[in-house]
Amino acid sequence: MVITRPIPVLALALLLTACGGGGGEDNNVFNGQSPDNPAPENPAPDNTATLAAMNAQLNSLASSLPAAFTRLPYKSQAISNNLTDTPQYSADALPAWASIDSNSGVISGTPDADDASAAVNVTLSLALADLSVSQPVTLVVHHGAEYKTAASVDFYAEQFGGGERLLRNDLSGNLQGEVQFVQSHSVRPANNFVRDSGDETNSVYSPRLVAQRDALLLFIPTNMNDADIITVDAEISFNGEVQQRLSLNHPNNLPAADYNGSSEVTFSRRAWNALLPWQQVRNGLSVRFIINAGATTEQDGLLAANAIDIGEASQIVFQSLRLGMLTHADKTNGHFTLNNPVLAATDYFQTLPVSRLVMGSYADMQLEKVIIGSGVIYDEVSATNGDIYSGDMRGDVAKAQVSTGINLANYGIASNNMNQSYPHLFKQITNHHAWGNYQNGRQQHGLSGGNGIGTLVDSRGNEASHEWGHAYGLGHYPGSNLTEDSRFQRHHADSGWGYIAYRNRLRDSLNDNSETAEEQAHSFHLNGHIPYGNDAMSGGSPNSQFSAYTHYTAYSARIIQNDLACFPVPDASFASGYKKWDTSLGAYAEYNFPEAEQRLAPKQVGVAVATILGGYDPQGDSALIYPVFHGNYGNVFELPSPDLNDASDQCWVSVSNAAGAERKIALAANRYASNRINQLHFNLAAEFRPTLAVLTCRRAGVDSELTRTTFDGQIPELPPLAIVGQEQGFSALQTVEMATLSTLLANQQDAVLPILNSQQLAMLDSYSDAQLRTDLSAAALPVYERLRSTRHHIAQLELTLNKLSRDQISVAQQTDILRQLLNDTGLLASDSSLPTTGNVIQGPKFFSSAGMEADGYVSAVDTSAEASTWLISALGRIHPAEKPWLCLTPASGRLTLSHCSNGQSNQSWLRTEQNTLKNQGNGQCVDFAHHNGTLITYGCHNGWNQQWSAPLASDNVLLALLNGSTLQRLYELLGE
């Protein structure tokens, strides 16, 4: 139970001192005299009364000091001077944000967000003539976030099936509380896999904490009243040695959820939080939590290293290309990994329990000839029919020779069978968007994955998440047979939220815009109203304003993590060419494959490559070498060359360039499978710029050239390489987005209020003030400063309003203070008022908010007399003029009104040139469903039933930027 705490006064410890007297160690000292130090013949005047009055004056000052709150202006009250002369006040160890008026003793300033402290020890002094007195005081600086409006729905408060969730104690010591780490999923410190085969409803299936990856550290104290907690710190140690101390954010400053709906949902209203840097996440980590550090109420508890189960640091490499087989390859918006590999890599990384993700790309390829497993070469059309799932070129060319071939080239294996059976030395998935010319026409392939191959229509959405899931060993509906309710195949109260670190947002496990008016079973509806989402392997969807990929359940994520942990990571700095995380050391160690496998060590890792692919029959004459496949990330080996002095049978490829350099690569001289030809695959450094490849086989001492292919020696332009995690972090995306933000802001140099839509604001909020000041362009920086100042005043306004209300200040006083604050900050001039009038929205029908009372939805009415009037803010939020603190919001396919919530893109609308109202969250338009007379959201088609007049546009800053509850209070006060 959370108990509201009255604002505490300062803790005072009074120490009375006089200049030149007291404080000696000799107990016989009295009034500065002792037997060995008799009083002088002309004794000093007796200042006892003056000192007492000075101490009383200082005591009055100290006891009148209020508590401080971060981000709120602080000013102590002036006190009456009861002394015979004007004193001089001073303070030692006053925090940097504060200053003291030497004449009045008034302390003022505004503590910054990171200035919260349970004990700021300050010494106040008062001087009068040649006398002075001092008192130590303890200043308490609370988090101003205490006065932020908390989200209405606390996800973590409800257990599976409904009812209050019972919290664990993960600590030893006098402080107790539950700890969670959030990466791709929220996990316990340990015991993330606990199977109860007798009753699987008691089982726990979650991934472990991933080593060498940023984690959001959460702490929920359980043996202290929330109102008594001023600060929480986390002391981070490795093998017992302190590495870092983190100040945790107040629960009201927990990263917001990415949920879009009529309710505002937070992961927890009680979770103190901080970002744990990736370097600290390694085996041997321990965390000591300290509440109210330095205060008499300080408590601490230890999460010991042996109580934190950290899994391996892992890596996955993706490659992507477009492939046309006897036809051209299309370019579509669905090719996310090629169109925007930096964002695609950053996005998918958030869903995966991995330490590092690489997104490489190959140039588009159109093959005019192809060879298949039988040795037949096509140069016009396949001999078979094809479709999304079938066709001989789909399997033999796209899957075997291209995707498997690229993988094998990066493993240092120059030839193999053509049946997609191959060793996986490290984790790589090569995706192709492929088309082939078949007997039944041009066919696209897709919707298939597994075995290190992705055959995709789109490399975004649930198709990509699902097909890549097969590559980790996931089947369909994983875990569905474990319980009668099939809970593990979908999200629920224990399936884990994620952390979208590059946006500093939490990824919820809920379905957006799907809240139900009638209460449903709590097992799969949060609070009985908000449905949970499905796993990528169980018909899920991305369901996030910040992600194009589906969030796996904790059950699936555990399987993914175990798969990724099996593989070493290529690293040319190790003698073997590979490293693997050692959980006993908390570090990488050299990895050696079994000696019998004779794996080559890469000499270069992660360089641009020219990949040579093809097929050949070492027992016949059929062979084909394709044009060079150019990639921006690959491994290069010193591959075995043929021994041309040996008369025995052998095959090899000779590759040369315009400079006359030549490489000879040995290939297998026999078929790997009796019924299929072989394939060849190897990488050269791109800078080699090959111009000719010749395939030769020696049989019975006779050399026969099977095929040759000439190349142009050029290196085509490729999409940017994307590497996410560990040292790279999200730096690639940051570079791109800083340029985008610079352009957006610089284009608004003359705007009083720079306008960014919800997605652009989310991008801006992804970066710290320091990062923005460093990386924004010179033209953009002053525009950013104006926007930052406005948003700072908006935040301060919210805190002030809530504090005044909780402090039970009279309405009249609140109104006066509010008017002054609005005028001083320029948010609303003293002679101005908030907007209260609007326009009707007219189309096939009129919009009316009256329907909210009947069924909770905005209704369509026949006449303007029945209609409501509406406003649209500068950020695209649509408000009913009679209640402007509400915003038009999609809900279960219809429209409702909910409290405006900053950051919810589904409350942002765009009136298009086609006169439609398009929602910026789900991309759908307001549609009049004439069959039942309701207003719905539907795919935009610009038809007559989607044509609407515009709401009245308002440039009022408060309407655009305030959340609903604050806006409502503002209207109530200013309307008094």
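Each residue, glycine too, has its Cβ placed from N, Cα and C.
Heads up, TrEMBL stuff is auto-annotated, nobody curated it.
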Original post:
Ranges 26-48, 440-462, 900-922: which does TrEMBL label region 'Disordered'?
Top reply: 26-48
Subject >> Nonlocal residues around His470 (Zn(2+) binding site), in sequence order (Cβ under 8 Å, 6 or more apart) >> reply: Gly449, Gly450
**OP:** List the Cα distance (Å, whole number) between Glu467 (active site) and His476 (Zn(2+) binding site).
**Re:** 10
Subject >> Residues close to Zn(2+) site centre defined by His466, His470, His476, Cβ within 8 Å >> reply: Gly449, Glu467, Gly469, Leu474, Gly475, Ala536, Met537
Original post:
Where does His466 (Zn(2+) binding site) sit in the DSSP three-state scheme?
Top reply: helix
Original post:
List, in sequence order, the same-chain residues at least six positions removed whose CB sits under 8 Å from that of His466 (Zn(2+) binding site)?
Top reply: Gly449, Ala536, Met537, Gly540, Thr550
**OP:** Using the structure shown, find which entry in Glu467, His476 (the recorded positions) has the sparsest Cβ neighbourhood within 10 Å.
**Re:** His476
Original post:
Under a three-state reduction of DSSP output, how is His476 (Zn(2+) binding site) classified: helix, strand, or coil?
Top reply: coil
